[in-house]
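Swiss-Prot has this to say about the protein:
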type	residues	note
LIPID	2	N-myristoyl glycine
BINDING	32-39, 75-79, 133-136	GTP binding site
């Protein structure tokens, strides 16, 4: 089983590297533990609608356009069998999105450990956007404390690149064009921050 997984991963990685080269979109790697909502977010960004999804086995890749912002987003599976391969993908992207299930604080510790396992092997700092998903499941008066807890648990002050923690709710997001959709605006604003940080990077590093 281990050899089969290794062969499959090598094939996926080879394809990944080939698809990255020559792309005009800014390439973003999206990782996080299973169940955090990565694939749901990716489909929302692509279609503007919320879809129920199944766990990602391997990776998904979608080109996403948000106004004038263009991204190539790679959604890498968060199951244990795929987490050990994150390091092969992470240095190919110019930015990182790390998804966290903020309604599951018992996994904050493990989630933070896995994030730092990746950050410690980056070949250069890059923008890190931590999306605290499922904020709708947290009482409103507790939400700021949850975000603070994630930043502290992840020890983001140690990271020498730009970082931001943004609470979102993908399942509660409505149409991206709705002026009353606070959840949708939070998601778009998070990507605006990421895009702004990417624009500060030399173009060769941001592709």
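Keep in mind that glycine also has a Cβ here, set from the backbone N, Cα and C atoms.
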Notebook entry, point to check: Using DSSP, would you call residue 35 (GTP binding site) helix, strand or coil?
Noted result: coil
Check: Helix, strand or coil at residue 76 (GTP binding site), per DSSP?
Finding: strand
Next item on the list: Return one of helix, strand or coil for residue 135 (GTP binding site), based on DSSP.
Entry: helix
Next item on the list: Count the other Cβ atoms sitting within 10 Å of the Cβ of residue 35 (GTP binding site), across every protein chain shown.
Entry: 15
Check: How many other Cβ atoms sit within 10 Å of the Cβ of residue 38 (GTP binding site)?
Finding: 29
